[in-house]
Amino acid sequence: MAHSACGFSVALLGALLLGTARLLRGTEASEIALPQRSGVTVSIKLGNPALPVKICYIVMSRQHITELIIRPGERKSFTFSCSNPEKHFVLKIEKNIDCMSGPCPFGEVHLQPSTSELPILNRTFIWDVRAHKSIGLELQFATPRLRQIGPGESCADGVTHSISGHIDATEVRIGTFCSNGTVSRIKMQEGVKMALHLPWFHRRNVSGFSIANRSSIKRLCIIESVFEGEGSATLMSANYPGGFPEDELMTWQFVVPAHLRASVSFLNFNVSNCERKEERVEYYIPGSTTNPEVFRLEDKQPGNMAGNFNLSLQGCDQDAQSPGILRLQFQVLVQRPQDESNKTYMVDLSRERTMSLTIEPRPVKHGRRFVPGCFVCLESRTCSTNVTLTAGSIHKISFLCDDLTRLWVNVEKTLSCLDHRYCYRQSFKLQVPDYILQLPVQLHDFSWKLLVPKDKLSLMLVPGQKLQQHTQERPCNTSFGYHVTSTTPGQDLYFGSFCSGGSIEKIQVKQNSSVTLRAYAPSFQQEVSKQGLIVSYTPYFKEEGIFTVTPDTKNKVYLRSPNWDRGLPALSSVSWNISVPSNQVACLTVLKERSGLACQSGRAFMIIQEQQSRAEEIFSLEEEVLPKPSFHHHSFWVNISNCSPMNGKQLDLLFWVTLTPRTVDLAVVIGAAGGGALLLFALVLIICFVKKKKKVDKGPAVGIYNGNVNTQMPQTQKFPKGRKDNDSHVYAVIEDTMVYGHLLQDSGGSFIQPEVDTYRPFQGPMGDCPPTPPPLFSRTPTAKFTAEELAPSSPPESESEPYTFSHPNKGEIGVRETDIPLLHTQGPVETEE
């Protein structure tokens, strides 16, 4: 208890002492005296436009004021009415230096008055130097040098340098700088304005720069940036992010050790509307035979440069009506030359027409420490952090990078076939070319965009090795995988991510699709040669996709609906063709008990159909409980058809299939064998009885005379009349009904209506067609159909070839109509002879 009281007393005493110190600091008197003809003016003003609740005043001669100005030759004493004046007031010390009427005070610039003579406020020292247009002024900065910052950025220690120049009467901002950078000198012409901002807690008492006299530089300014080792610098054009002055020239000089290499990359730029001349950047590169080298701002900038070089930005004469703005922000990266920079790689895209290859940095976050950049160089000179190689050319590239794992390659290729008559049954292989695998940079994505004629053909993907669908229950752990997406206009349907080592034999997609090979580990280069997708064009089908699955006897096969976590698109249908070996039994299990789907219009169904017996079960996904685990002895279909769901009610289904060996009951086998033996014994008895009865009933043969039989020898007949006088050249038509009419009569004597088949497009052998869902707006309950009672939607088909017979007609057969109407359900039309 005593210890706690003691601690509280110490804390209270510290707070009182701190408050007393702040109170004394605010109430103690300050005195500022400025020498005559010093050119220095001191002003104390309120810093924030919105005054706080408790107003703080400057107290001078018992007067409370909010602004105080001290001019050369004046001495003033004052105090503050509050204990924290640094939160209310700012101090500005401005010195005007006239180099036009007299000599300039060149050399080190001092802080006048010194910081020890000033009250503890946020301070800004301003030096405004005016000179003739023909005189150049140079600001030299001591170590540590300056680092330019962009708009919205701040310095860690709060100390900033703002530098401006003059073009006639117009002030031009050169930039804002912090400490610890590479900028060592800034050369100006026609005067310079330098502002040093010091926070109230900073005890700095030197300016940190000096002014020197130079000859005319014939441009707006020259900024010198010195690199003593590896590092980077970000620099901006004058007035950035505003517009660069019209038709002006600005130069940056870079000092780089000879053993290091420098690369330039433009981070942000805009060009204006030029009437005359052209906006450009010019490089003076040591050893170049074409100095200066001229580039447009849109061009790839030089890289891998050894030693010092200059970069200049040249403006143009802008359009008076619509000038636009010219601005530039760029980065210079200096680093050690890498071994890869001496190697050249050939990328031959001369035979390609629809392929592009991009080398770019991986999205990795770096800390504050310097990280050497990674550049891709074309022809060893034009370097950039990312390069896109287009089709139709041979490209020579090299790398300026200390760690090539920080880069990766993305490739896109379009494969299209627009003539469905030519495309049908055509196939090709999706495989990564060898020249891409030989690059020292790892492949990230290789995307094939597959285009087919609309509503004419569909696509089928057949892998070299069966695929596994990536799920949370069984994730893919391979070095690469495939992402399959249907790219139908207006609807992108993501089928999922697949890897080798599964049970999916083929994937059929209705329309245009995108297949992306994504590499996850460098070892994929050794494994990808074993894999490959064969793409072929197949007859068009209406479902979004069809998966052909042959389950593994050792593992579960997990399958989930497309667009997982986003829901199957409205009014779309997907099927799975699941094969079951003859000696196995498949168990189908759905993960959820209910789908949680709510339809706005239409109905959603899940159909399970046996392919051999055509028996099927139909489940309403909106109203009913999803099917419980079911066993299937033969191959079967699983179909999911979606409705138009309500917002937030999406359709996602996950199910799996397992195989177990088929077992046979011994009692059933014995019973079947016994039944077969009894049946065979009964057949033998029946045959013996029939033969014995025939022998008893058999009598002697009896001859029968038939007087209607012609017993004369056949002779050649002659026509009693001429051809013109008889109808021997007219033939009667014998209908099938007159020959086979007795076969068309039922037990009642009436003729049976002929069976007329309808044309159906060929869809392969039995089992290749997924089940057809009920109409979208029907209210069909769950129905089960057996082999003896087929579903109405599946009419029986005869295995033999169907014949169609016309009905018999009581009228006479016309002699002029000899065609038999094979597909007509009515009798032949009567005609007059």
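Glycine too: its Cβ is placed from the backbone N, Cα and C atoms.
Note that this is a predicted model, so its numbers are computed, not measured.
Marked as signal peptide by Swiss-Prot: 1-29.
The DSSP secondary structure for N122 (N-linked glycosylation site) is strand. As annotated by Swiss-Prot, N-linked glycosylation site applies to N122 (among others), with the evidence given as sequence analysis.
The Cβ of N180 (N-linked glycosylation site) has 12 other Cβ atoms within 10 Å, all protein chains considered. Taken from Swiss-Prot, the feature N-linked glycosylation site covers N180 (among others), and the record attributes it to sequence analysis.
If you draw a 10 Å sphere around the CB of N205 (N-linked glycosylation site), it holds 11 other CB atoms from the protein chains shown. Among the features that Swiss-Prot reports, N-linked glycosylation site is placed at N205 (among others), with the record citing sequence analysis.
When secondary structure is read from DSSP and collapsed to three states, N270 (N-linked glycosylation site) falls in the strand class. Here Swiss-Prot flags N270 (among others) as N-linked glycosylation site, drawing on sequence analysis.
Within the same chain, residues at least six positions away from N310 (N-linked glycosylation site) with a Cβ under 8 Å of its Cβ are T251, W252, Q253, F254, Y283, Y284. Swiss-Prot lists N310 (among others) with the feature N-linked glycosylation site.
Swiss-Prot lists N342 (among others) with the feature N-linked glycosylation site, giving sequence analysis as the kind of evidence.
Cβ-based neighbour count (10 Å, all protein chains) for N386 (N-linked glycosylation site) stands at 15. Residues annotated as N-linked glycosylation site in Swiss-Prot, with sequence analysis given as evidence: N386 (among others).
Per Swiss-Prot, region 'Disordered' is recorded for 783-833.
The compositional bias 'Basic and acidic residues' annotation in Swiss-Prot covers 809-819.
Using a 10 Å radius centred on the Cβ of N270 (N-linked glycosylation site) and all shown protein chains, the other Cβ atoms total 16. Residue pair N180 (N-linked glycosylation site) / N270 (N-linked glycosylation site) shows a Cα separation of 29 Å. Taking Cβ-Cβ distances under 8 Å and a sequence gap of 6 or more within the same chain, the neighbours of N122 (N-linked glycosylation site) are G47, E86, V90, L91, H197, L198, P199, W200.
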